[in-house]
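Undergrad: Next up is a structure, given as structure tokens.
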Amino acid sequence: MSKPGPSSALPKEDFNDGLVRLLECPVCSEYMTEKIFICRNGHNVCSTCKPKLGNCPTCRGELIETRCLFAENIAQKLLYPCMHSDYGCPKRLLLKDKKKHESKCVYSLHECTNAKSGCTKKISLNEKAKHELKCPYRKLYCPNASEGCSEPIVFKDRKIHELFCPYRVFQCGNLERGCEEKYFLKDKPSHEEGCVYRLINCENIKEGCTSKIVFKNKSDHESVCQFRLYDCIPCKPDGCMWKGRRHMLVKHMSEDHRIAVWRNKTNLGVWCDYDSSKDRRYAGLVSVYGELFWYSHKFDSAIGKCYWAIQYVGQKDYCTKFRYHLTIYTDMKEGPSVTFAGVPMASDTEDIEQVYESNSAVCLDSCMLEKYVIDKSMRIKFKIKLIK
């Protein structure tokens, strides 16, 4: 016997699939499985599409009410692909098993559980858990939940939320100036408005002060600011309530009190009617180098001490740029004299009584002072020097 030649039969799966394709409705392309109708020429159409048609969609012939029982019976014997085959399901099933499988098919598409948060993606059941683990619309707790934030946030918006979260903890921006306080974003305006370490303008800004000062140091700065309001220091003990700007001092002293205003670097004065039993006070204003200085002198008869001091009028730090020399002598050319050279300059912000007790003043006992008195008078010379 001769061997049989190569088989021309189709593989079983191809044969099944070929028949299944024949059962596709020519109108809706769905599988015809129940109540398959034919036209007079034997073309098929499904029961869903037939009522909508006037003629056969294949040959344009008349549609009749006859069903093709052969096709209906074949349909029950074939294996159909799962409706989710386009998404990866490899299953082929009988019609009686198809619906049950498709209801639980792991390749079926489902809404993401984060759909209410904005996710529109449809994912297969077997990919659902993986997707939701990384879904940009998944819900998270705010990192500041322990501080009080209970607002649910979507993952994709987390950075924006965290940036503007009212419970975000801030370090005060004035840390470098000493504020170590931390606060919530919601409390930021109230904290910054009241922070004692915030920078503010000096109240004398309209007068020309450009300094930025720490609020807690406001009083300290404004008490020594060169643009502040000045008191009439020499005449304040006598009741003078004048206040004015620095450039107005010369006019006030010379016009309202007629106190000497010296305009020389070296100045001479005479102390007449010296009496060791009487107190004495004297003050004057010196205008040199484009600057102002108070010259003050006091004799305290109770303790027998005499004081001299010169104070710089203006910014406190500038007083270190100056020194003064003070000489006390008789009016005789060959008479005794004493000179105090390079005495430090005090600031006008310092109380004059405290200056008298400091190293910025010259102090002599009355017994020493009387060596330079002739006929109840002595001469005093002082010189202000600019240190370069």
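Cβ atoms are placed via backbone N, Cα and C, with glycine included.
What TrEMBL says about a protein is an automatic prediction, not a curated fact.
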Undergrad: Choose the correct range: of 2-54, 108-160, 161-213, which one does TrEMBL annotate as zinc finger? Give that range.
TA: 161-213
Undergrad: According to DSSP, how is the zinc finger (161-213) divided among helix, strand and coil residues?
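TA: Counts, helix then strand then coil: 20 helix, 11 strand, 22 coil.
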Undergrad: For the domain 'RING-type' (25-60), give me same-chain residues lying six or more residues beyond its boundaries with a C-beta closer than 8 angstroms to one of its C-beta atoms, as numbers and ranges.
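TA: Here the qualifying positions are 66-68, 71-72, 75-76, 80, 95.
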Undergrad: How does the domain 'RING-type' (25-60) divide up by DSSP, counting helix, then strand, then coil residues?
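TA: Taking each residue of the domain 'RING-type' (25-60) in turn, the totals are 3 helix, 7 strand, 26 coil.
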